[in-house]
Amino acid sequence: MPVYAGAVVVLAMRPWDAALALMRQPFLILLLVICGLSMTWSIDSGASMRRLIALYATTLTGLVLAVRFRWATMAEVMATAFAVLTLGSLVAGAVLPFGRMSDLFPGAWRGLWMEKNALGGNMAFAFSIFGAAAMLAPKRAWLWWLFAAMALGLVLLSTSKTSLVSLILGAAGLVFVWVCRRGPATGVAATWAAVLGAGLLAGFVLVASDVFLGLLGKDATLTGRTKIWAAVMRQIEERPWTGFGYAAVWDDKSGWGPLAWITRDAGFKAQHAHNSWLEQWLGMGLGGLIAWGLFYLQTLGAALVAVFREKGAYLALPFLVIYSLVSLTESIAVSYNDMRWAIFVALAVKLAWGDRD
C-alpha cells in the first residue's frame, strides 16, 4: 500500500531516530513480540503471519509519523486524512444510495463505511483531531473548526448515540486541556471537576444502568455484545495462557474451532470480540493482554502528564478518551490496517519522544 511504502521511505531516512523512539516504548515492543510469537501456537499460522505483517506495517506508520513530524504538523496531517474521509462521507450520504442504510436503520447515514456506527465512531475521532489541529495551528483554525462541524453533523446523521457520547467526551477533553493550560489554579479546579464528573457519571451508570442504556438506545445486552463477551470468555478458558493466535479466530472455517463455539453460544456469528481487551486475551493469551494493558496505561499516563507540560495534549488526550470508550465495545486495539491503531501508536511514541529539531 502507498501509505506503508511511504512509511518505509521515512524510516530509511531516519532509522536511528525511529529506533531510539521505539526503545522508549518497551511495552509496545513486548506486545509486538508476543504477537509474533503467537504465530507458533496459532490455530491458523498462515493467517496470523499475513496479518502480523500488516500489523507491523500499521505500527511502523504510527512510529514514523511521531518521528517525522512535530505535534502541530502531525495534527494537521491526521486532520487532512480525516478531512478526505469526511468530505467523501458527505458526498456518499447526500448523493449515493450506498451512503445511507436501507435495511436496518433505514435513512441513517453510513458514508464510506459499511454501517452507521462505523461512520459515527470514526467521525467522533475526526472531531477530536480537527479540534486539536485548530488549537495547534491557529492560522488555519477556521478551516479545522469547519471540518469539526461537518464531523459533528455526520455523527448526528448516523443516528449513533454511542458515537455522539464519544464525541461529547472528546470535546470535553479538549476543553479540559484548554482550561488546565490557562494556569495552575484553573488546572487544579479543572482536574477536580473532571474527577467529580467522572465519579458522578460512573455512579449514574451503576445505579441507573437501565436509564443510561435507554438514553443510548441500547438493551441490556448492548445489542448482543454481552452474549459475544460471554461466549468469548468460554473460549478463553480453554487457552487462557496462550490464546488462539493473533487474528486467527474470526475467519476460521473449520467448523470445530473457537469461532464455531462462539457462534453457537452467542446465537449469531460475530466479526470480532467487540472488546479490545477480550480480543487480546483471546488471540494472544494472558501475556498479550498484560502487554497491551501496560502499553495503554503508559500512554494514558503520559497524556495526562502532558496536559500540564505539552501542547500536544490537545491531540493526545481527547483522542485517547474516545479510544478508551470505543475499545470497550469494539476491537480496535492492536488492529492491522486500522488508522486508529496507527494514530494510537503515533501518539504513544510522540508523548515519549517529544518534538525534536
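Heads up, the Cβ atoms here are built off N, Cα and C, so glycines get one too.
TrEMBL annotations:
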DOMAIN    147-292  domain 'O-antigen ligase-related'
TRANSMEM  20-41  transmembrane segment
TRANSMEM  53-71  transmembrane segment
TRANSMEM  77-98  transmembrane segment
TRANSMEM  119-136  transmembrane segment
TRANSMEM  142-157  transmembrane segment
TRANSMEM  164-180  transmembrane segment
TRANSMEM  192-217  transmembrane segment
TRANSMEM  281-308  transmembrane segment
TRANSMEM  314-334  transmembrane segment
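Counting Cβ pairs closer than 8 Å and at least 6 residues apart in sequence, the transmembrane segment (164-180) and the transmembrane segment (77-98) reach fewer than three and form no contact.
In the predicted model, residues of the domain 'O-antigen ligase-related' (147-292) average a pLDDT of 88.
Between the transmembrane segment (119-136) and the stretches 20-41, 53-71, 77-98, 314-334, Cβ pairs under 8 Å are most numerous for 314-334. Nonlocal intrachain contacts for the transmembrane segment (53-71), taken as residues 6+ away from its ends with a CB within less than 8 angstroms of a stretch CB, comprise 1, 3-4, 7-8, 10-11, 14, 17-18, 21-22, 28, 32, 35, 77-78, 136, 246-247, 310-312, 315, 334-338, 341-350, 353, 355.
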